[in-house]
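Structure first, commentary second.
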Amino acid sequence: MTKYIFVTGGVVSSIGKGIVAASLGRLLKNRGLKVTIQKFDPYINIDPGTMSPYQHGEVYVTDDGAETDLDLGHYERFIDINLNKYSNVTTGKIYSEVLRKERKGEYLGATVQVIPHITDALKEKIKRAASTTDSDVIITEVGGTVGDIESLPFLEALRQMKADVGSENVMYIHTTLLPYLKAAGEMKTKPTQHSVKELRGLGIQPNMLVIRTEEPVEQGIKNKLAQFCDVNSEAVIESRNVEHLYQIPLNLQAQSMDQIVCDHLKLNAPQADMTEWSAMVDKVMNLRKTTKIALVGKYVELPDAYLSVVEALKHSGYANDTAIDLKWVNANDVTVDNAADLLGDADGIIVPGGFGQRGTEGKIQAIRYARENDVPMLGICLGMQLTCVEFARHVLNMEGANSFELEPSTKYPIIDIMRDQIDIEDMGGTLRLGLYPCKLKPGSKAAMAYNNQEVVQRRHRHRYEFNNKFRPEFEAAGFVFSGVSPDNRLVEIVELKEKKFFVAAQYHPELQSRPNRPEELYTAFVTAAIKNSN
């Protein structure tokens, strides 16, 4: 029988529910249990694919092409699993599916209501996520805060699950903030008490509290919360601020969180062996070197827009015993005249993805600086496309060369729209999304990065591609197409072989990086940057 764990939040948003859920998932996985995890987002968008990065942060793409919340990146990195489209559910997605069924007459003339139709659809998503992965345990995080009007149908569905599958198969974990008033010198439990009261008013009694705090919590405070919130005192778990996120699973294990969960759900599983994880954390805490990487992007005011890129760089740093000192460079600020001033102290330059015209000329100048000064450079998605544009302009002398996306009237459309995208008008969910194969050119830097594999599978999110009619001119000038689709139709990786490391990929390698298993192309880039710093 599948076990269901529901993680809710109270008092404030962005309290770290996703990290708590991911950490618990890692502990349960290391007990030998098969775990999956999903995120419920109460916003009305179908998915975050068309949302501004300033609003939402990065869009995380799964193997099967779902555009999802960035928390799924945390889930995959912590638990080391590949999630699917059932792992992210929004209000918009649920309502659109219910309305589509109503239009088809599938409700046989019934009045369609929040209860039971919306709540039933939500419960079906929970069960489908568990069944498609054949999991022993599914953890479901509900975005937002208890008391938000948007989350009411989600919480009602969670309440009903207890009756549907039995109380011994369901556990409710509530995460809250425990504020510390410096002037009074004490922690205040009242916000948590009121949050739990709100949750209980919706019919959900939490079985565990996870309290986010900046200071150590005395047992007396835990006992008080246990008494007023009707949970066992040992089930009041402290989640204190840490230097590195990957410390959190170990901190939760030290408080027997996973054992309490297993006892409640009657899961007979051995103790979690966290030896490898602990060794990784110890290494992360004691890195001996530092390497400066300049990240040239258009959304640098919100680092979450590049969350997976940053994490992938860190992972590759761990493998090289080096901390990554990130220098955030706004692409809008980079010009041919100041590129050396902005980028001259960087050991490596990364140009990640993005959409739209703004910042593209600055990215092109950053790529040009890297090429002309032989600074290790990694381009991702749009960064790969602009790498091709830069080469066309400044090496092949194709004045005005550009991407068709950015300048439809360009004489040299180096990057063109994919053939199967021409007649598509909708923006959402219509890109080339998900896992696709990439055939590597033997002897190339890309092939060497991937240990001379013939083919690698990586996740994509794009609508435009390199225009193949320009391939002969590029190749004649020494531009190497080191990764292509198996049918040789789509360019996946480009590079300049004579440079220390000048490689750009159409796909998003960062989405498959793990703290204990860094993505190979990122590792090759960071390794080259380290050598460049010596």
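Backbone N, Cα and C define each Cβ position, glycine as well.
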One of R128, R288, R463, R471 listed by Swiss-Prot as binding L-glutamine at the site of Y54, G354, L382, G383, M384, Q385, E405: R463
Co-listed ATP-binding residue [Swiss-Prot; alongside S14, I15, G16, K17, G18, I19, R240, N241, V242] among D71, D80, D304: D71
C-beta crowding around L382 (L-glutamine binding site), within 10 angstroms: 28
Number of Cβ atoms other than its own within 10 Å, given for K188 (CTP binding site): 14
L-glutamine site span - longest C-alpha distance across Y54, G354, L382, G383, M384, Q385, E405, R463, in Å: 23
Which of S14, Q385, all binding-site residues, has a Cβ with the fewest other Cβ atoms inside 10 Å: S14
Among Y54, T192, G383, which are recorded as binding-site residues, the nearest neighbour of G16 (ATP binding site) by Cα: T192
Sparsest-packed among the recorded positions, when each Cβ's other Cβ atoms within 10 Å are tallied, from I149, C381, M384: I149
Cβ neighbour count (within 10 Å, all chains shown) around K190 (CTP binding site): 10
Neighbouring recorded positions, C-alpha within 10 angstroms of G354 (L-glutamine binding site) - of D71, I149, T192, C381: C381
